[in-house]
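Data first, discussion second: the structure below is written as structure tokens.
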């Protein structure tokens, strides 16, 4: 309570909510508390502006941090609403960036797989094992295998991709149902990803996928996949 409104110095309406029928609760702060609330709002706004210059996983992590701070912040209600709107724009920016990157990853992975498969066929190799640098984009890795198998009928193919930051790996493999010597996709994938501490599944329509928690050993896994296929297919 203050004896004169001028003693308030500053005023910030923090929240307004219904607590019963026809009853609203208004929470506000004055003086130094109000000034601190306004400074905090300005600080969060600066964070949002800086975040707009980021992209990818860095932006996604920053958005999560800002949202947590904003939700808990005792700042002017109108500023909070505006800032939440700005965060929503950041999320839209992130979604668009992910869509664009997803398309680019698919194009990159498919081209890598088709080029490698074409080289394998021209050299008379009965299979293809490659690394596509698209991080943990499972959609891109899957498309690479499917498109390459569509282009080069009968060619077993395995595609690895790793993410250096998380040290994880994703793997997708395809083996035609009529592959020689009863060669099955899971018989190829499962032992091949063991060095990655990987787990795999699938097998329907000759396609299987896996994930590994030790991407640093991807070269060893690819060599093992090559050895297994060589023994089975000659």
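Any Cβ shown, glycine's included, is placed from N, Cα and C.
Here the structure is a predicted model, which means the values were calculated and not measured.
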Original post:
Of 52-79, 80-107, 108-135, which span is tagged coiled coil by TrEMBL?
Top reply: 80-107
Original post:
Over the domain 'DHHA1' (130-229), what is the model's average pLDDT?
Top reply: 95
